[in-house]
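Structure, as structure tokens:
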Number of protein chains: 2
Amino acid sequence: MRTSIATVCLSGGLVEKLHACSDAGFDGVEIMDADLIGAMESPEEIRALCARLGLSIDLFQPFRDLEGVADDVFADNLRRAEAKFAVMERLGADTILVCSNAGTATIDDDDVAAAQLGALADAAAKRGIRIAYEALAWGRFVDDYRHAWRIVQLADRPNLGVCLDSFHILSRGHDPAAIEEIDGDKIFFLQLADAPALDMDVLSWSRHHRLFPGEGDFALTDFLAHVLRAGYTGPLSLEVFNDTFRQTDVVRTAGHARRSLTWLADRTAAANGWTDDLLGEPQVARGIDFIEIAGADLTAVDETLERLGFAFGGRHRSKRVRLWTAGEARIILDEQVRDETPRLTGIGLMVDDADAAVDRAVALGAPAAFRRTYAGEQELRGVASPDGTVVYWSDRPADTSWITEFEGGSPGSGACESGVVDHANVGYRWQDFDEAVLFASSVLSLTTQSSADVPGPQGLVLSQVMRTEDGVVRLPMNLAPPTAPVPDRHVAVRCDDVVAAARAARAAGLDFLRIPENYYDDLAAQFDLDPDLLAELRELDLLYDRDGSGGEFIHFYTPTIGGVFFELVERRGGYDGYGAASAPVRLAMQRRASASA
Amino acid sequence: MRTSIATVCLSGGLVEKLHACSDAGFDGVEIMDADLIGAMESPEEIRALCARLGLSIDLFQPFRDLEGVADDVFADNLRRAEAKFAVMERLGADTILVCSNAGTATIDDDDVAAAQLGALADAAAKRGIRIAYEALAWGRFVDDYRHAWRIVQLADRPNLGVCLDSFHILSRGHDPAAIEEIDGDKIFFLQLADAPALDMDVLSWSRHHRLFPGEGDFALTDFLAHVLRAGYTGPLSLEVFNDTFRQTDVVRTAGHARRSLTWLADRTAAANGWTDDLLGEPQVARGIDFIEIAGADLTAVDETLERLGFAFGGRHRSKRVRLWTAGEARIILDEQVRDETPRLTGIGLMVDDADAAVDRAVALGAPAAFRRTYAGEQELRGVASPDGTVVYWSDRPADTSWITEFEGGSPGSGACESGVVDHANVGYRWQDFDEAVLFASSVLSLTTQSSADVPGPQGLVLSQVMRTEDGVVRLPMNLAPPTAPVPDRHVAVRCDDVVAAARAARAAGLDFLRIPENYYDDLAAQFDLDPDLLAELRELDLLYDRDGSGGEFIHFYTPTIGGVFFELVERRGGYDGYGAASAPVRLAMQRRASASA
């Protein structure tokens, strides 16, 4: 698999972009005309730089509004094209992208379009240049790749083929199966982009909201399989217009982009039984092994967990690390850091083959995490996620796992013995979010479940749930507006009887996040609740939700300690959500608590 | 005119919002149910607080998914409603907004909807509560205000009327003229929102992109006139869901919101010859009197202006202020500040009646600017714009104006004697932008011309042009992403022969913003330019644009000095734009220059 990327995907100047593409391991680039125009370096310098960096210039793009026009306009278009061909010769680029006419086309006639594209191809042929004709989703008369292919066949020139772009095809809902009817050697170029399912004009969607493969809602493995089955042998190239990636660090975004292609090639190969491009088998998590919280002084967390009904699981025999458990929910407190603010810093996942999981993660470009291991201790391998949280994988049974390294735990299991980690809720900075979605989908093999905008007192918070199919691992990912604070992280532990757990915690002196009386008045209005249950919810600051099929969710929150807080939840009758309806109340109360702290 | 605002427009908690609404001078509020639910204060406390703050509770909202449902669902809906009526009694709110059913409606039958709304109204009547029924733009069966009105007529209850929302009507392109066919006393409530013209699903458009009146593309004065002509006498109330205003400072946003209603009432009254709500006559600027740049040491600006061909206009006789002129373009340099960074801090406008302009601005809530004036000096009155830039108005002829206070200017007019300020380009922070648009439309009587996304090396920059109809005053307003630096400001001076001016400036030793060779290669491709002109452009680092009708724009930039730079422009043949096509090159070169500085 050869990989390429359009320079328009990245921030900065052209030279910076090229360095970043090379560092990220791309084999080539598509040079965006505007990036060259805005560069002080001559085409010859760019050509030489690409050669030194080991980047081929796979495409020069775009050339707009060529075909379907009157003769005099076409004559001027040919003149424009000759000038660009001259630039391409200086660059050493041999393929140019010609988009279907979206602006100046006046003639809806395939013969005219074919004749004009043919004339362009003949002019290009004299310089050894190939034309890749692409149907823009908003082309005036040509907006479907099948139509572009018909015109290319009509024109019938050896140096004229099509460019396929997943966005232009999938955004319009066009069936990609017909790609297999195109001669593979007439597919001159392939551009890949994912995108969220949005209901808006396709031009704005394309210009602002494209994503790297694995981050959106397009069925890109199917798409790519059609292209490869057609016999396409050129590079897989990314063309992603995205307002965020235009701003994020160019080196990091290039690396992120490159990983998306590794993932896509792997998943496409796996889905089709091809052995090329296959990474190791994805290791779908069978459970959450532990959650790690780090901070210089975690006494307040100890206190909260004890009152919450966790049992003390002991101290690590050689490190300043403690373990708390509630049934199968294990929380590790790590004081081996200087950071004063307690934070959620690690997640352990249980898989069938931990080494395979790590190897796959590293193959996907995730940096291996360093963890100092002493003699006789279990080596726990992991990688850093884009925001720095470390993910560890373990495949050992409990009696040989890292748990055995903890000593001096209290006997007994605590009040919360039915516990299991229900979900870990992670807040991201705006510049890390999309990359984190790709990390969750590619490295953690999670899938997107749902997303919602939660109104908070400082703006809308986007909450996107990534999870295993069976719901054993659930990671709701939160993104606040770039100008608001990054949402705090929290761990939600599920138990069989949250009311009893809340009562016990209250008796143990736990502070609860206080919930307004008005909230309970609203619950009564919404759900016609049993008065005893309502009284209990009200008394214990419990939150409640019910889904369409009658499933129920009861939960409560501890106050925030530094950058982390805890939630205890109970799911009844197959409730599968996260109480999003009560999230605005939670956010309002947390803000109130932090203002008075 | 009574004014009101929905609490959902603002950031923060309910109590903060109410204080801000009162401070901003609103007469009442719409209380959003979710804001009450997320408040610790009881409905009685909120009621008492509103009473103390002098705010009436004009509406409680929203109640969703009531009508068009099966009997058992409706019975539960009535139960839900009774619970909300109880809250309203505690709040002292007598009108509730009922939105047309968007979720659970299964019966498309006006008789059923009318019967159910009638039953709701009867239940409400027992508590003295009125029902304001609103057609949501995305209602399942009722999505048009005329349809909602038919159902209200069918139900025929004294305490059942309609709520009209400009967004729901204008977003769907429904003709608001039929509002006049509704009995004025059956229009129970009026919600006003502006919005940009966007081509996206109406629900997302409504939830994220509404604006305050005067900031978007809706014809709100026409809309309001129809409502008032129908005989509506209730409050003008704002309901604006906007991702930005959910984050901006609540006090400031409330003030901003309040001003939008003052403007709307004034413009509606003016358009219809009504004397109520009329402010003074808008003073459309007849020219730019001066631009003020302030900084502790402006020597570098002196040097640049002199080399650019400006004539020294003298020193102020009593202040540390200097004047430079190029024909009618006057730039005042003010060193009476401590700020080290030269910035564009003031704009002087020439109008027919300066006092009327200031009085109108103050009536629109703009804070009067303080300017120390000594005996015998002209008092120059002005107001501060949302970002702090001061706008001054003058109506004196030059021989009696502030210009006479400058002494010791050089004789002669400089090389740039045909100069006039073409435009002043102001960069805004994300939280100031919408308010600045309203300031420009209401206080400065400018209109929106066009907007464009300009790709810069650190993200897209939105450029929205505000101008007088005749183009004498043009203020392109720039907004970078919230996470990027605020764009620098600049002054563009127009002259008759920019090539000659550039040559003279080059001879005088002026540094130009350097433009890449590649840019000129592209110009040649695009425009088939005369080779001599192209050579001249290339030699002098001039930028070029041509519009559809052959009008031409030639311009160049100085380097940035602190936070300001200058542009010299020439318009040929009616060119009416700003060279947006070359803006990405300019941004790239400025970033390059600042990186190497």
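Note: Cβ is positioned from N, Cα and C throughout, glycine not excepted.
Just so you know, TrEMBL annotations are computer predictions that nobody has curated.
Source: prediction; values computed, not measured.
Taking a C-beta cut-off of under 8 angstroms and a sequence separation of 6 or more, B:Glu134 (divalent metal cation binding site) has the following same-chain neighbours: B:Leu97, B:Val98, B:Cys99, B:Ser100, B:Tyr145, B:Ala148, B:Val162, B:Cys163, B:Leu164, B:Asp165, B:His168, B:Phe189, B:Gln191. The annotation divalent metal cation binding site is assigned in TrEMBL to B:Glu134, B:Asp165, B:Gln191, B:Glu239.
Under the DSSP three-state reduction, B:His490 (Mg(2+) binding site) is assigned to strand. Among the features that TrEMBL reports, Mg(2+) binding site is placed at B:His423, B:His490, B:Glu567.
Mean pLDDT for the domain 'VOC' (B:287-396) in this predicted model: 92. Residues or ranges marked as domain 'VOC' in TrEMBL: B:287-396 (among others).
Annotation source TrEMBL lists domain 'VOC' at B:420-571 (among others).
Within 8 Å of the Cβ centroid of the Mg(2+) site, not counting the listed residues B:His423, B:His490, B:Glu567, the chain contributes B:Asp422, B:Ala424, B:Asn425, B:Pro476, B:Val491, B:Ala492, B:Val493, B:Phe565, B:Phe566, B:Val569. Listed in chain order, the residues near the divalent metal cation site other than B:Glu134, B:Asp165, B:Gln191, B:Glu239 are B:Leu97, B:Cys163, B:Leu164, B:Ser166, B:Phe167, B:His168, B:Phe189, B:Leu190, B:Leu192, B:Ala193, B:Ser237, each with its Cβ within 8 Å of the site Cβ centroid.
There are 25 other Cβ atoms within 10 Å of the Cβ belonging to B:Asp165 (divalent metal cation binding site). Long-range Cβ proximity for B:His490 (Mg(2+) binding site), meaning a same-chain Cβ under 8 A and a gap of 6 or more residues, is found for B:Leu344, B:Ala424, B:Asn425, B:Tyr557, B:Val564, B:Phe565, B:Phe566, B:Glu567. Rounded to a whole value, the Cα-Cα separation of B:Glu239 (divalent metal cation binding site) and B:His423 (Mg(2+) binding site) is 34 Å. The binding-site residues listed here are B:Glu239, B:Glu567; among them, B:Glu239 has the most other Cβ atoms within 10 Å of its own Cβ.
B:Gln191 (divalent metal cation binding site) is surrounded by 25 other CB atoms, counting those within 10 A of its CB over all protein chains shown.
The Cβ of B:His423 (Mg(2+) binding site) has 22 neighbouring Cβ atoms from other residues within 10 Å, across all protein chains displayed. Taken residue by residue with DSSP, B:Glu239 (divalent metal cation binding site) is part of neither helix nor strand, so it is coil. A strand conformation is recorded for B:Glu134 (divalent metal cation binding site) in the three-state DSSP classification.
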